[in-house]
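Visitor: There's a structure below that I have some questions on.
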Amino acid sequence: MSVSIDDYPLLAQVPDPEALRTLPAHRLPALAKELRHYLLHSVARSGGHLAAGLGAVELTLALHYVFNTPEDRLVWDVGHQCYPHKILTGRRERLGTIRKYGGLAGFPKRAESPYDTFGVGHSSTSISAALGMALAARQAGEQRKAVAIIGDGGMTAGEAFEAMNHAGDAGADLLVVLNDNEMSISENVGALSQHLTRILSGRWYHQLRSGSKEVLRRLPPPVHELARRTEEHLKGMVVPGTLFEELGFQYFGPVDGHNVDALVEVLGNLAHQRGPRLLHVVTCKGKGYRPAEQDPIAYHGVGQFDPEQGLPKKSGGSLAYNQVFGRWLCAMAEQDPRLVAITPAMREGSGMVEYARRFPERYHDVGIAEQHAVTLAAGLACESVKPVLAIYSTFLQRGYDQLVHDVALQNLPVLFAVDRAGLVGADGPTHHGSFDLSYLRCVPNMTIAAPSDEAECWRLLSTGYHHDGPFAVRYPRGSGPGAALPEADLDPLAIGKGVCRRRGRRIAVLAFGTLVVPALAVAEALDLTVADMRFVRPLDEALIRELADTHDLLVTVEENAVAGGAGSGVSEYLARAGLDVPVRHLGLPDRFVDHGTPAELLAEVGLDEAGLQRSLQGWLDTLPGASR
C-alpha cells in the first residue's frame, strides 16, 4: 500500500521531471523535505533500500531540475539510491510495490521507464555506460548531455578508472557526479572550497580559462607548463581533485549534497560546459532520519518497520547460510593460523563481522574489486597461506578471468565461499546466482560442491579448505532446513561422493544443493529414489551408473541454469559411459528471472515442491512397462 500523496501537497504537483522544472527554484528545499518524508514512510511500509535514497534526495532533485531528462541521460551507479528518482519519474503511486513480485524493480531498469537510461545492479558501470552515450551523441551530432552518478564505494573498482581514463583521452562531453557519503568537510575548508567551486564552474571563469589556454599555447612550453602547475597548486590547497585532473577531468567540489540551491547553481553552470568534468558532492547516508544516519549499514536494506520505533529486533530461528559460513570461518581460523579471509566489500552480507573483529590481521576487505580479490587470494596461496574468498555468485562473474588464469591454471588452493547461489529474491536478475555451476564446471582443476543443508555446508567448507586446489562451495541466501551444525567436526568429506537419501522405484532424482529437501518430500509421495549428489565436479560417477542401471528414468534437479549446469554434466557422463537411460533436467530456464520472494520465483520456474511433483508425476505417468 502506497503512502497517500494528499499529505504531500508540493510533491503532488510534481508527477514527472517536466513538472518539476516548472517550479520556482526557491521551492526546491521544501520539495526535498516532502520527498524525503514520502520516501521514508513508503519504504517503511514496503521494505527496500532506504539509507542511500535518503542521502540522494537533493542531488536527484537538482539533476532532474537542471537537465532535460530523459533527453539528457542520467546513469545511476548500482541503483540503491534510485528511489527518489523513481518517485519523480512517474512511478510514485507504485512505490509500494518495489521489489515485490510483479512490482517495480529495486534498481533502474530500461524496460520500466524511459528515465531509466541504463539497467544497473552491479557497481561501477555508470561511467562506462554514460561515456558510451556521450560518444554516441557526439557521433550523431546531437547536443544531449550524459551524466554518471557514482558513489565513493563504486569509485574503488577498476572499471570506473578505466572509463575515466578513456573519457579524458577522448575529450568526451561527460559529467561525472561523485556522490561521496564517507567524506566530511571541515567548516572553514568546506566553505572556501564550495565558494571556489561556484567560481570555477561559472561561465565567466570558464570563458576566461578557455581564452587563457589559447594564449598560453602561443607561449614557449616552459611558460605554459609553469602556468598549468601554478593553477593546479592553487586549486590543490583547497580542492582534493588532483587525481581526476590527471585523468583529464576538470574537478569541481566538494559541494554540500544537501544544499539543493548550491547544487542547482553548480550543475547549471556545468551543464553549459563541455569536456570531461567531475563534480564532487558530499552527502550523508540516511539523511533526515536519525537512526539511518547513525547506522546506515542497518538501514541499507530494510523490511517493513515503524519509523517511530526503528527497526524491529531480529527474532530467532534457523541460521542463515552466511551465518553458518561465519561460524565455520571462526572455528577454522582458531584451529589454523594460516587461514586468511577476503571479501570484496561484503563483510556484513557474507557473515564475516565476527571474524573481522576477532582476526583483524587475517582479514582483508579489498573494496569493490572482485578481480583483485581473486588474484590476491592466488598470491597468498603461492606463499602457503590458506585463503578463503567469500563472494556472491553474481559478483564472482566479475573475477572470472582471474579465477581461470590466476587460480585454476596454476591449481592453487583457494577456497571460494560462493554465497547467494540460486534465486536470491527481491534484488532480482542482477543479483540471482543463476550461472555459477555453468561457468565453474568447465574450468579444469576446479572442484565444486553444493550442500543440501547447513550441516553439509559446514562439512563441505572444511573439505574445500583442506583440498590442495581450487574449490568452490555454493550456498543460497537465507536459512536452510535447520540441520544442526557439526561444530566440533572440521574434517573433510570424500570428494566426488554423493549419498542416496531415499530408495524408491522407477525414477531416480539426482538433486544438487538446496533442492534435495523438496525432492525428498516429493519422493515420499511418489515413491522415488533421491540422491544428494553433493559434488558437481567431480560427479559421483559410480552412483550415477548404479542408479542408471536400476531405474527407468534419471532426473537432475538444480537451482542453476540448465544450460551447462550440473545436469549437463550428468548427461555428458552418461554419453561418455555409453549408458542408455533417459534423463531429464530441471533447473532455471533460459531467461533472466525477475524479482519476487524466493518462494514466488521457485514456483514460477517450477522448482518448488508443487512444481517438482507436477514434473515428476507427469514423467512417471508416461513411463512404459514395469520398473527394472
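The backbone N, Cα and C atoms fix where each Cβ goes, and this holds for glycine too.
Because the structure is a prediction, the values reported are computed rather than measured.
Copied straight from Swiss-Prot:
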type	residues	note
BINDING	HIS80, GLY121, HIS122, SER123, GLY153, GLY154, ASN181, TYR289, GLU370	thiamine diphosphate binding site
BINDING	ASP152, ASN181	Mg(2+) binding site
Visitor: Of HIS80, HIS122, ASP152, ASN181, the binding-site residues given in the record, which has the fewest other CB atoms within 10 A of its CB?
Guide: ASP152
Visitor: Please report the three-state DSSP label of GLU370 (thiamine diphosphate binding site).
Guide: helix
Visitor: For GLY153 (thiamine diphosphate binding site), which residues of its chain lie six or more apart in sequence with Cβ-Cβ distance below 8 Å?
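Guide: Same-chain residues close to GLY153 (thiamine diphosphate binding site) (Cβ under 8 Å, separated by 6 or more) are SER123, GLU182, ALA345, GLY367, ILE368.
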Visitor: If I take the alpha carbons of GLU370 (thiamine diphosphate binding site) and ASP152 (Mg(2+) binding site), what is the distance between them in whole Å?
Guide: 16
Visitor: Given the binding-site residues HIS80, HIS122, ASN181, which lie within 10 A of ASP152 (Mg(2+) binding site) by CA-CA distance?
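Guide: Within 10 Å of ASP152 (Mg(2+) binding site): ASN181.
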Visitor: Other than its own, how many Cβ atoms are within 10 Å of the Cβ belonging to GLU370 (thiamine diphosphate binding site)?
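Guide: Looking across every protein chain shown, the total is 27.
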Visitor: At its widest, how many Å does the recorded thiamine diphosphate site span between Cα atoms of HIS80, GLY121, HIS122, SER123, GLY153, GLY154, ASN181, TYR289, GLU370?
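Guide: 32 Å is the greatest Cα spacing among the residues binding thiamine diphosphate.
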